[in-house]
Amino acid sequence: MGSIDSSKLKSIKNKQTRQKLFSKLKHEENKERHKERKSRAKEERENPELKEKRLTENVPDTIESKRVFDETVNSEFEGEDEFNSYFADTSKEPKILLTTNGSAKKPAYEFANLLIGIFPNVTFIKRKKKYSMKEMAEYCANRDFTDLIIINEDKKIVNEVMVNQLTIYLN
């Protein structure tokens with residue numbers, strides 16, 4: 001058995017023989033690689049320009065080198081900010097609609113009572129299963145609510161509070 005071919009390994013049915021041949025193949029490849037490295041190192045010791053050439057050609061790709069420059073980042077915005085009126089007007093008091101998920105239990109309602117005490121101008125509406133998020137947002141937009149807060153729970157444990165600022169999206 002002179003040289004081992006990797007395509008022949010697939011046809012060998014005996015696992016132990018196949019593993020031995022595979023390890024021999026890997027060992028031979030490793031030997032060849034080390035011989036090439038050793039000869040390259042010897043040539044580069046004799047001629048340092050070869051090493052410089054090899055190092056300039058073999059520059060690894062990094063995240064930073066692959067990054068595409070975006071001119072809009074960290075630059076002054078041209079024109080006017082479309083949300084400037086929303087953020088500049090702090091005199092307008094928020095009007096918040098608070099609701100739960102479709103099949104809420106006692107912990108969600110207790111948490112809703114806690115939020116009603118914290119936030120000003122909150123209206124709580126018990127949510128029915130037939131209303132989707134989109135319908136709830138449209139309902140809020142038609143009645144001049146600024147925010148929609150939805151409390152979600154799984155297995156009687158409150159696990160999510162979703163806050164939607166409606167003035168940005170629906171006006």
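Placement of Cβ uses the backbone N, Cα and C atoms for every residue, glycine included.
Taken from TrEMBL, the feature compositional bias 'Basic residues' covers 10-24.
Within the chain, the compositional bias 'Basic and acidic residues' (41-56) has no long-range Cβ neighbours under 8 A that lie six or more residues past its boundaries. Annotation source TrEMBL lists compositional bias 'Basic and acidic residues' at 41-56.
If you average pLDDT over the domain 'Brix' (94-171) in this model, you get 85. According to TrEMBL, the feature domain 'Brix' maps to 94-171.
Annotated region 'Disordered' per TrEMBL: 1-57, in sequence order. For the region 'Disordered' (1-57), DSSP puts the residue distribution at 46 helix, 0 strand, 11 coil.
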